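Annotation source TrEMBL lists domain 'Na+/H+ antiporter MnhB subunit-related protein' at A:8-131. Annotation source TrEMBL lists transmembrane segment at A:12-30, A:36-55, A:71-91, A:111-133.
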Amino acid sequence: MKFTDVFLQTAIKILVFIIMTFSIYVLFAGHHNPGGGFIGGLITASALVLLYIAFDLQSVRDMMPVDFNQLAAAGVIVAVLTGTASFLFHVPFLTQTFTYVNLPLLGKTELASAVIFDLGVYMTVIGTTMTIITSISEDQK
Amino acid sequence: MSNVLILPIIIPLLTGMLMIFFRRHVRMQQWLIVISLLLTIGVSTFIIHRIFRQGIIVLDVGGWHAPYGISLVGDMLSALLVLIASIICLMCSLFAFGSTSNDHKVHFVYSYILLLLCGVNGSFLTGDIFNLFVFFEVMLISSYVLLALGGKKIQLRESIKYVIINVISSTLFVIAIAYLYSITGTLNMAHLSERVATIGQDGLLTTVSLLFLSVFALKSGLFLFFWLPGSYSAAPPAIAALFAALLTKVGIYAIIRTFTLIFYHQPEITHTIILCMAAITMILGALGAVSYWEIRKILAYNVIVAVGFILFGVGMRTFESLTGALFYLIHDMLAKALIFILGGAIISIFGSDKLRNFSGLLLFRPSLGWLYFIAALALAGVPPLSGFVGKVIILKGGITEGHLIMSVIGIVTSLLVLYSVIKIFIHSFWGETLLSEGDQKATGTSALLPGSILVTFIIAMGLGAEWVLTYVEQAAEVMTNPSIYIDAVFKQID
């Protein structure tokens, strides 16, 4: 017997957008409000897991051809490289800086280098979580 | 710029992560690991040189001064250990090039070796006790993977034990840090040392210090070593060499650091306990080493004996004995890596580690045999080699301090160690040749290059002991006089 998951799939198509948006919001809110890279990454991963539940592994992989192993590694590299920039400016490792910029649409915006570090954490968390979940769910080869 | 202090931590980390993108390109990974480890060795030599000239280097990460930020502190003790750890890591990876299967190599074994080194170097360099915990975990998680990688039945069984015991000890570590933080209100080691000195080390703080001691004893195999022989004999040869040379030594370093910098006010309690544990460790380790007939088990018990001997030097806490302990620690890291690499080669040639089953290897592999012979003599502490100097200094300290029983135990266990490693030599290299050319399971040639480099180091360290001792004594000076360390960390504020 074949189940048709119309309800589940339709609901998840909408929900995933909401959850993704919320995770991005949480990621950027981290500097002044509760949130940050870790929790943002987990929320994004939970959205992806919902996709895996509603559809099968292969179709999600076709839709989003990302190697999560490499995403995690890239996250670590991004996070560490934000620290190594300090070698250029002759300040201690991992020193952060911030500046206010007038962006065309958003107006006066605070840009902090800590966000890039958080972005690295975010990528690593998504990569690690998804690697764990996809490799457990798959059979050997 | 004191930023140089972060390089031994991030060079292995970045290279290890970069390798994940070149999973199938084994040759390229091998080039990457050699280049990055040579870079790390170069940087740590430079750090030693700078510390020797200008004193302790402190890096306040993020520009936040101690005690508010995390500081990395490079004193001579940490810098020497970082250099030796990087050298050993390079040797073990050279051995791994030939001795591990291709399956291992595409499953990120080199990345994990580099991450392990990142954790080890970080533990040596950090000046913050919670950061020490984090680097311990970086090291341990990589070691879990390295132990289980390959998925043989024995590896899975032993890695379960290893993971459980380390999870428990890590939990105890966090609890100990929480107690210490609630008493002193700080996590920076220099600041902790100051606070503990101000409020005095009462019964409560001594209890916390004993909790730390049991945590580090679990990690380093001091008395609480019941997990060690099994898990070290389950790993593949190259990985076992890496573990034997690095992992327990980080625990020893943590004991040295906490008990010379923070908890040094009640030596009649804490250091007596360390001495007792060291004595029992030496005896039990030596008994294990002589009683087994499997190469892996004998070598694993040799690790335990050395831990006891080093902690014997640390427990006496005089300038002399600490110098000896550090010298012996450095020697032991090199010698353990060497003997595990050679032992691993012997096992891979015969395809078994049962000593009674084979003999007569000297005819086929003379260079391997003589390298092993030198390694065995160095381990026991025969004069021209490096094990001698450290042993003599510690034993001399033991006799002048009146720890006669301990010294006798030290000498007798040295003999037993010599017996156990020579037993391997006699049974595998001498006698009737049972193998014929082409009959062996592996060539064992991959051990020759790292083996001869390590033997060179050991001979050089024995002959140039005077020269090495100038560096080691500078490290011992900081260990006996914590105010040098504290002043270096807080110098920016004044």
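Here the Cβ of each residue, glycine as well, is placed from N, Cα and C on the backbone.
Packing against the transmembrane segment (A:71-91) from elsewhere in the chain are residues 113, 116-117, 119-128, 130-131: each is 6 or more residues past its ends and has a CB under 8 Å from a CB in it. Sequence-distant contacts of the transmembrane segment (A:12-30), counting only residues of its own chain at least 6 positions beyond either end whose CB sits under 8 Å from a CB of the stretch, comprise 36-37, 39-41, 43-44, 46-47, 50-51, 53-54, 115, 118-119, 122.
In the domain 'Na+/H+ antiporter MnhB subunit-related protein' (A:8-131), the DSSP tally of helix, strand and coil residues is 86 helix, 12 strand, 26 coil. As a whole-number mean, the pLDDT of the domain 'Na+/H+ antiporter MnhB subunit-related protein' (A:8-131) in this prediction is 88.
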